[in-house]
Amino acid sequence: MSKPVMTVCITGAAGQIGYALLPHLCSGKTFGPDQPVKLHLLDLNIEGVQTALNGVKMELEDATYPLLKGVVCTGDAKVAFTGADAVIMLGAFPRKDGMERKDLLEKNCGIFKEQGELLNTVASKTVKVLVVGNPANTNCLIAAECAPNIPRENFSALTRLDHNRAIAQLAIKASVPVEQVQNSIIWGNHSSTQYPDINAATINGKKAKEVVNNDEWYKNEFIPCIQKRGAAIIAARKLSSALSAAQAISDHMHDWFLGTPAGQFVSMAVDSTGNKYGVADGLIYSFPVSCSNGKWTIKEGLEIDDFSKEKMKATEQELTDEKKTAMEILGK
Ligand code: NAX
């Protein structure tokens, strides 16, 4: 018997990540090869944008995906969120030249408050929400704060792209295929304060730190490379990451819905409340997690050395500051 159709909503669907992401969702790569999907594509209610969105719909029709059971294009978030099983939030206010981080937060607070409140009233209580639009962690926190009817564990923000970047750089350094690298971690914020940690990582079953055996490279090349990779791509492409972001979103949703392989963990920014690593409660902080039965669990018991503690604190502090600013803007 075929599975019930799953409704997937994408906000900001007319943008460049949306375009790169849709093939993953429609081909069965993200939710499984036997999972039919219906798409709710939301973008700004502006004529040119809606026309472009309809062009994407035409291409989806022409791509003849057997698993694709319908496409709704809309400028109305209420229509987009109603009946969604998964919501992938790409739509955000972009950072413009001369904008301070606070200005960016202010613009995005408005969007994520409004969309969070709508999710609260029209979405199902079991909906899973992934926030990608930047500043992703704090936008996610705002949406979750404004949607108290939906469990906090149903909200997450994307750090899987940073995670995948770390895996790739380790594989390149050790000259091994990417699938031999596991259990690298991104702690904290999806920003340049994030801490890419390889202390628990393995390469072909051996400790990555011992395989690489180069602390100088780890601290002075690897960590800054991952922290600044997004900026390096913008400098080279004159556009931000889209192909790799789409792959990371697909990986994140795949693992959240279908589970992580035994013994492996991945990075997801999730509610920090009650974590065992000393990170303040009430943040959306990236942790190592494993997933099963549609739920994430923070991997416990990893050893944290002094170097890691300091890095984890720095990114926590940035998230605490962002939260404070966001709550002031929201008047909470
Ligand atoms: P684009 O500018 O190509 O697309 C964004 C789309 O969102 C546009 O079509 C725009 O009309 C729409 N939009 C804006 N406000 C909206 C609203 N209120 N409701 C609905 N739609 C709205 O950006 P793209 O390259 O696709 O990136 C999307 C977001 O992902 C950006 O905020 C970007 O900074 C962020 N990223 C986050 C990453 C992460 O790892 N967390 C990595 C990739 C990416 O940089």
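Yeah, the Cβs are placed from backbone N, Cα and C, and that goes for glycine too.
What TrEMBL records for 7-155 is domain 'Lactate/malate dehydrogenase N-terminal'. The feature NAD(+) binding site is assigned by TrEMBL to Gly12, Ala13, Ala14, Gly15, Gln16, Ile17, Gly18, Asp43, Asn108, Val132, Gly133, Asn134. According to TrEMBL, the substrate binding site annotation covers Arg95, Arg101, Asn134, Arg165. If you look up TrEMBL, you'll see 159-328 marked as domain 'Lactate/malate dehydrogenase C-terminal'. The active site, proton acceptor annotation in TrEMBL covers His190.
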Item to check | Neighbouring C-beta atoms (10 Å sphere around the C-beta of Arg165 (substrate binding site)) | outcome: 22
Checklist entry - Here are the binding-site residues: Gly12, Gly18, Gly133. Which has the lowest count of other Cβ atoms within 10 Å? => result Gly12
Checklist entry - So which of the recorded positions is most packed in, judged by how many other Cβ atoms lie within 10 Å of its Cβ, out of Arg95, Arg101, His190? => result His190
Item to check | Euclidean distance between Cα atoms of Arg95 (substrate binding site) and Gly133 (NAD(+) binding site), Å | outcome: 11
Checklist entry - How many Å separate the Cα atoms of Arg101 (substrate binding site) and Asn108 (NAD(+) binding site)? => result 11
Checklist entry - Going by DSSP, how much of the domain 'Lactate/malate dehydrogenase N-terminal' (7-155) is helix, how much is strand and how much is coil, in residues? => result 68 helix, 27 strand, 54 coil
Next on the checklist: Given a separation of at least six residues and a C-beta threshold under 8 Å, show me what packs close to Asn108 (NAD(+) binding site) in the same chain.
Outcome noted: Ala92, Phe93, Gly133, Asn134, Pro135, Thr138, Asn139, Ile142
Checklist entry - In sequence order, which residues at least six apart in the same chain have a CB under 8 Å from the CB of Ala14 (NAD(+) binding site)? => result Leu41, Asp43, Leu44, Val49, Ala52, Leu53, Val56
Item to check | For Gln16 (NAD(+) binding site): intrachain residues, at least 6 apart, with Cβ closer than 8 Å | outcome: Leu239, Ser240, Ala242
Checklist entry - Those binding-site residues, Arg95, Arg101, Asn108, Arg165: which ones have a Cβ sitting under 6 Å from ligand 1? => result none
Checklist outcome for this item: CA pair Gly12 (NAD(+) binding site) / Arg165 (substrate binding site), Å rounded to integer, equals 24
Checklist outcome for this item: Rounding to whole Å, the Cα atoms of Gly18 (NAD(+) binding site) and Arg165 (substrate binding site) are apart by 20
Checklist entry - Quick one: Cα separation, Arg95 (substrate binding site) versus His190 (active site, proton acceptor), in Å? => result 15
